[in-house]
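Some notes on the structure that comes next.
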Amino acid sequence: MRGFRVRLAAVIVAGVLLQLLLPLLGARTGVVLDNLVLALIALVTTVGHVRQTRQTRGRRRIAWGLAAAAAGLWVLSSLVDTADVFLVSETLVDEWLAVGAALCAPAALMLLGSAERLGRENSLRRLIDVATVTGALFFLAWEFVLAPAYASLPAEAGPLITLVLLPELIGAAYALVLLSRSLSHSGDQALSLLALSLMTFAATMLLAVHNDGAGLPWYATGVGAGYLVAGLLAALASHAPLPPQTFSEENHAEGRWALLPYVPVGLAFAASAWSYTSNGNVAPALFWLLLATAALVLVRQFLSLRTNQLLTRKLEYQATHDVLTGLVNRAAFQQRAAAVLGTACPQALTGVMLIDLDGFKAINDTLGHAAGDALLAGVAGHLRSSVRDGDTVARLGGDEFVILLPGLERASQAEEIGERIMRRLAEPIPIDGGAVVARASIGASVMTGPAPDPAPLVKQADLALYQAKDAGKGVVRCHWAGQLVG
């Protein structure tokens, strides 16, 4: 990360030096120097992107190919513009080549950002983010650059400016959204640099339009530095090491960078407030654009809230369930048992059943751990299908299971459920193309009334389990615990 910052600092210093140098040169010399430097940088960038194209596949390959095309078109645009200076001609060839580059670069970034499968909700969230930022950027661009420039430039210049700037603004919005994600991942330097390049280029294009409208030199307001910085960032991106895969939206760590896309949104609202206090009104089109942006922000927050709720439920489930079998785990069983016994009425019958698989270690040792895991998962399915609605089946760990039996009709019902489980376990469980029959010993205990602690009832079931094993395994034993006091 330190090297990344050093390179960024060097790029900025180079831009500042060029910006200071350009006013000292003549107009013609400055344009030629700037064009030749940019053409050389774009050529290096093209070579780097071609190399990246050969190293990748699928969408990434197409994306880096588009990036190479954008850099190549920029080489041609710079050279044609230089030729126009020497020939003292005003062709639009260089402008249309620049339009092609401006269209290819955002397309490349969008393909890179969508190289991984995001899922429907993540895709919708990203789309809303990009639309929100695009609306905010367009509001700012129109308020401070486009409206004043269009009032002073020739009418025929407007469509070309719009054709170039609109994809640039959309690309800048997408770049800002991606940057808020990729800055959390040090391995995504190529994507981060390309996003920074596109954002810098879009800002420079806006400043160039401002200069034209205000009659300023072409390099004024940092435009000379902007083109160089954007080109150098693209060159660094073309030679940055590629990560094994682009970042995943699922792994995006929320933090300070997550707020980055909302910076232009906040600026847009501040600008609208400033415009209203200064002029007494806001243009209707801009008002509706700002209103749509605000609505998108609210929708985005709703999606974030929904995602957080789903994540909370997922974490709660993981904390209370066994990963392998999907059954309730030991901690959750203890909580449920304590809740059931703590609220039981004096005549209520509550049972606990312990199931221990016989010969599981031999299966695990001979067939392997994968077969053992498949057997445990199959046993869990048999247990779930054998109990009543309202019973809780849990895995204590290893090959031990426990079942909470609240609201029994009679004490003997626990033994009946145990026998039903035995019959269900006699059905083969498919494992690795074959089948294995699980064998188990079952110990149960039943008590009446409430109890402050389920531990004594579980202990009685454990004693019954030992009796079942001593009786030759594969049998059910049940203890009547009566009224227990913890």
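Note: Cβ is positioned from N, Cα and C throughout, glycine not excepted.
What TrEMBL says about this one:
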- 7-25: transmembrane segment (TRANSMEM)
- 31-50: transmembrane segment (TRANSMEM)
- 62-80: transmembrane segment (TRANSMEM)
- 96-115: transmembrane segment (TRANSMEM)
- 127-151: transmembrane segment (TRANSMEM)
- 157-179: transmembrane segment (TRANSMEM)
- 191-210: transmembrane segment (TRANSMEM)
- 216-236: transmembrane segment (TRANSMEM)
- 257-276: transmembrane segment (TRANSMEM)
- 282-303: transmembrane segment (TRANSMEM)
- 348-481: domain 'GGDEF' (DOMAIN)
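Note: the stretches the transmembrane segment (96-115) and the transmembrane segment (282-303) are not in contact (fewer than 3 CB pairs below 8 A, sequence gap of 6 or more).
The recorded stretches the transmembrane segment (282-303) and the transmembrane segment (127-151) share 3+ CB pairs below 8 A when only pairs 6 or more apart in sequence are counted, and are therefore in contact. If you look at the transmembrane segment (127-151), the same-chain residues 6 or more away from its ends with a CB under 8 A from one of its CBs are 158, 161, 165, 169-170, 172-174, 176-177, 206-207, 209-210, 212-214, 261, 264-265, 267-268, 271-272, 275, 286, 289-290, 292-293, 296-297, 299-300, 303.
Below 8 A, the CB atoms of the transmembrane segment (157-179) and the transmembrane segment (257-276) form 3+ pairs separated by six or more positions in the chain. Sequence-distant residue pairs (6 or more apart) of the transmembrane segment (216-236) and the transmembrane segment (191-210) include at least 3 whose Cβ atoms are under 8 Å, placing the two stretches in contact. Within its own chain, the transmembrane segment (191-210) has Cβ neighbours under 8 Å at 4, 8, 67, 102, 105-106, 108-109, 112-113, 141, 144-146, 148-149, 161, 164-165, 168-169, 171-172, 175-176, 178-179, 182-183, 216, 218, 221-223, 226-227, 229-231, 233-234, 236-237, 240, 246-247, counting only residues six or more beyond its boundaries. Note on the transmembrane segment (31-50): residues 18, 22, 25, 64-65, 67-68, 71-72, 74-75, 78-79, 81-82, 85-86, 218-219, 224, 227-228, 231-232, 234-235, 237-239 of its chain, located 6 or more positions outside it, place their CB under 8 angstroms from a CB of the stretch.
Across the range of the domain 'GGDEF' (348-481), the DSSP-based residue counts are 56 helix, 47 strand, 31 coil. If you take every residue in the domain 'GGDEF' (348-481) and average the pLDDT, you get 90.
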